[in-house]
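Student: Take this structure first; my questions come after.
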Amino acid sequence: MASESGAEKGPPTTPAENGQPGVPIAAAVAADEQGMISVDIAGLFYQFSKTFILIFPVYVLGYFGLSFSWLLIALVLLLWWRRNKGNKNSRLYRALAFLETEEKSVKHHIASIDLPAWVHFPDIERAEWLNKTVKHMWPYICQFIEKLFRETIEPAVRGANAHLSTFSFTKIDMGSQPLRINGVKVYTENVDKRQIILDLQISFVGETEIDLEVKRYFCRAGVKSIQLHGTMRVILEPLIGDVPIVGALSIFFLRKPLLEINWTGLTNMLDMPGLNGLSDTIILDIISNYLVLPNRITVPLVSDVQIAQLRFPIPKGVLRIHFLEAQDLMWKDTYMKGLVKGKSDPYGVVRLGNQVFQSKVIKENLNPKWNEVYEALVHEHPGQELEIELFDEDTDKDDFLGSLLIDLVEVEKERVVDEWFTLDEATSGKLHLKLEWLTPKSTTENLDQVLKSIKADKDQANDGLSAALLILYLDSARSLPNNPLEINHDGMKKAAVEKAKKAGKKIGSSPNPYVLFSVGHTVQESKVKYKTAEPVWEQTFTFFVHNPKRQDLEVEVKDENHQNSMGNIKIPLSQILASEDLTLNQRFHLNNSGPNSSLKMKIALRILHVEKPVRSPDEQHTSQVKRPSIFKGKQPPTPQMPAPSPAVAHKPPPTPKLETNKKLENGNKSSTPSASPKRPTELHKSSSSLSGSSFTYSPPHLPTKEPTPSIASDISLPVATQELRERLRQLQNGTTLGQSPLGQIQLTIRHSSQRNKLMVVVHSCRNLIAFSEEGSDPYVRIYLLPDKRRSGRRKTHVHKRTLNPIYDQTFEFSVSLADLQRRTLDVAVKNGGGFLFREKGLLGKLLLEINTEDAAKGWTQWFDLTEDGTRAAASS
């Protein structure tokens with residue numbers, strides 16, 4: 001579901017980045033509108049010079065009256081010289097590249113190869129023994145597949161249509177190359193004790209030959225090769241204390257697999273440009289209807305009573321995605337061959353398993369605001385991840401602007417995540433998301449609270465955010481009428497009865513029943529069961545419900561063969577609210593149908609409620625800092641164009657950056673260093689947007705510089721320390737200085753084990769010393785000792801003429817938690833100085849040895865600055 005927001009509160013600001021201050025969004029948009037198009041002057045001058053050099057010789061020839069042959073001779077000589085020189089240079093460059101960068105080129109080549117998952121992820125096992133087993137079993141697997149095609153699929157196709165009565169498979173050969181399992185992952189955390197969950201990274205590249213023929217029309221077609229790559233989940237549950245130990249086996253894909261098919265015969269036209277992608281998409285949709293979540297294949301190994309719950313899976317939760325806004329996106333639209341830079345027309349594609357949502361397109365804006373809301377079902381976790389991609393809409397092909405991959409396990413723990421995320425695979429850009437984890441509850445105690453929170457008015461029973469989730473399991477039907485004349489015509493129109501009587505030959509044939517379900521504006525359809533009055537579907541359907549007190553479930557059984565209704569029923573959802581455990585499991589008699597016609601269904605209603613975060617009391621103040629760990633990088637898949645979801649009213653929360661500045665300013669106005677401990681919760685909340693929004697990720701394909709030692713003299717060497725002590729004595733001048741004579745600095749320090757990085761957030765400084773009569777121009781420089789190379793240095797921006805600067809900037813250091821105990825954080829506050837009149841100098845220093853236990857939890861603290869950093873008293 002999608003919605004557009006109403007009015008916003010307060011002027012939101014952009015989050016701080018590495019070395020960049022936060023900027024008000026209104027100011028950024030105003031500046032962006034003023035500079036709609038920026039011209040590359042250097043590029044324009046280069047283009048003009050190049051054109052002049054090409055035209056000027058022609059002018060000289062005409063001016064002196066020379067023959068045009070001179071120009072041709074000069075051109076031939078120039079081409080010969082450039083070709084000769086180019087060959088020599090290319091040989092020389094290849095030799096130098098081979099000698100100097102052999103190791104780098106090999107590493108780059110290995111990184112570009114699509115290696116198996118077990119190479120990149122330590123929790124995925126290679127399991128080569130499994131591939132050897134599959135290879136040994138492959139001939140017998142091929143025999144089973146051939147038997148399945150000939151004895152099951154072939155008769156089904158023949159019976160589907162009279163024109164296909166001569167359909168047959170002439171050749172079925174799966175090839176000699178077996179299915180390969182590139183990695184196996186077994187989940188041990190967040191898993192029920194009575195189940196085993198395995199993820200198999202499967203890959204099949206085979207010379208498969210499947211030929212078919214319809215003799216009646218002399219039509220031949222087939223497939224000559226198939227490639228299939230994807231992640232298949234296998235669930236063994238429930239585990240029982242009797243043979244065969246496992247009650248059932250469930251198999252499904254977490255997301256759509258990658259599929260490539262080469263056709264032959266008549267179907268070879270599907271390989272034509274434009275049709276090849278369409279044919280693969282149609283086949284993938286067919287696979288999704290059977291094998292991609294929420295669909296699955298369940299193989300019972302014990303009695304049906306023990307696995308009845310597997311046929312009626314309740315989703316683990318519902319993820320409400322507030323797709324709010326983005327900032328500093330890359331520009332993709334250019335003019336005059338790139339000399340004039342334009343804007344982008346951004347839109348977003350959100351994927352969760354088999355569910356796809358697309359936002360509206362914002363024209364010519366690098367800071368778009370969508371303010372839309374989507375609701376997606378989470379059927380399995382761990383394993384399912386939220387994928388978000390941004391694109392620039394173009395007439396030919398949409399350009400990629402960045403992507404995100406978010407782990408839903410962390411979102412479930414936090415319940416509500418409202419952060420700015422740095423886009424992956426992009427040179428710039430941030431995305432503002434608010435994620436809410438809604439837990440399905442089988443009680444109505446929170447229903448009134450939920451209805452009030454989503455503003456479920458009586459006149460809007462079918463629109464808006466969802467208050468409940470309806471899960472329906474369609475089992476079977478009994479005693480359906482074989483033809484329209486057997487239907488109980490009470491309540492039916494006379495014209496409909498006469499139309500049924502005129503059906504002629506169709507009256508004597510068996511029905512092809514299917515079921516239509518509708519809740520509000522949402523309609524879902526079951527599969528068609530051919531030539532039967534006792535159909536068995538065993539399908540599950542889910543509906544989002546806005547107001548269960550006022551909405552109804554409408555069910556209608558229809559006959560595809562006779563094109564008529566076979567019965568209907570209307571079930572008020574309030575009836576389910578009054579039932580035990582909010583569940584109905586019974587046979588429902590059909591109206592306007594046969595005398596004994598009924599549907600067997602199991603219907604459950606679950607109230608969607610946001611629970612409190614799942615964390616211990618010790619983690620309550622550090623939960624905000626933990627949020628960036630849910631971000632991971634990922635290569636973007638090819639975008640699809642799904643239909644946009646319906647709009648729902650939504651009002652975005654104010655940007656937390658404003659609260660940060662206000663709280664820190666209040667802290668600066670206070671003269672007591674212990675003012676902040678009175679409200680530790682606010683202090684950690686103020687740093688949430690900073691720690692969550694400024695974490696950057698360097699894509700592997702972007703150019704990076706080799707680390708080189710810093711040749712610039714470090715100002716916090718003994719000479720600078722002596723100057724600082726002298727300045728401190730001058731300030732003292734016979735008076736007694738306070739507890740922190742050089743001032744204090746506020747830092748948030750946390751280590752992310754998932755990303756293997758140390759995050760340091762520089763919030764602010766207070767009560768710094770004045771470097772001159774006009775004050776100081778302070779900035780903060782950070783090293784993680786013993787690394788003092790230029791590449792290991794981190795710097796904030798410079799604040800002019802202030803002794804209480806506010807930075808709110810986040811920096812990252814790549815270091816493991818085990819190695820962190822041997823490292824020291826070197827923080828120096830320095831005076832930036834001017835170009836001619838001021839000199840740089842040291843304002844204070846801090847040397848901090850980080851405890852690994854504290855770093856894993858994360859903490860925020862004020863630290864005293866000293867002359868050499870060795871005496872570091874701290875206040876909370």
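Even glycines carry a Cβ here, placed using N, Cα and C.
Pulled these from Swiss-Prot:
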{"type": "DOMAIN", "residues": "123-302", "note": "domain 'SMP-LTD'"}
{"type": "DOMAIN", "residues": "301-421", "note": "domain 'C2 1'"}
{"type": "BINDING", "residues": "D333, D345, D392, E393, D394", "note": "Ca(2+) 2 binding site"}
{"type": "BINDING", "residues": "D394, D396, D398", "note": "Ca(2+) 3 binding site"}
{"type": "DOMAIN", "residues": "446-592", "note": "domain 'C2 2'"}
{"type": "COMPBIAS", "residues": "636-656", "note": "compositional bias 'Pro residues'"}
{"type": "COMPBIAS", "residues": "686-698", "note": "compositional bias 'Low complexity'"}
{"type": "DOMAIN", "residues": "741-863", "note": "domain 'C2 3'"}
Student: Need one number: mean pLDDT over the domain 'C2 1' (301-421).
Tutor: 83
Student: Please report the number of other Cβ atoms within 10 Å of the Cβ of E393 (Ca(2+) 2 binding site).
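Tutor: Excluding its own Cβ, the number within 10 Å is 15.
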Student: Whose Cβ lies within 8 Å of the mean position of the Cβ atoms of D394, D396, D398, the Ca(2+) 3 site, other than those residues?
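Tutor: Those within range, site residues removed, are D392, E393, T395, K397, D399.
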Student: Counting by DSSP, what is the helix, strand and coil composition of the domain 'C2 3' (741-863)?
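Tutor: Its residues fall into 13 helix, 64 strand, 46 coil.
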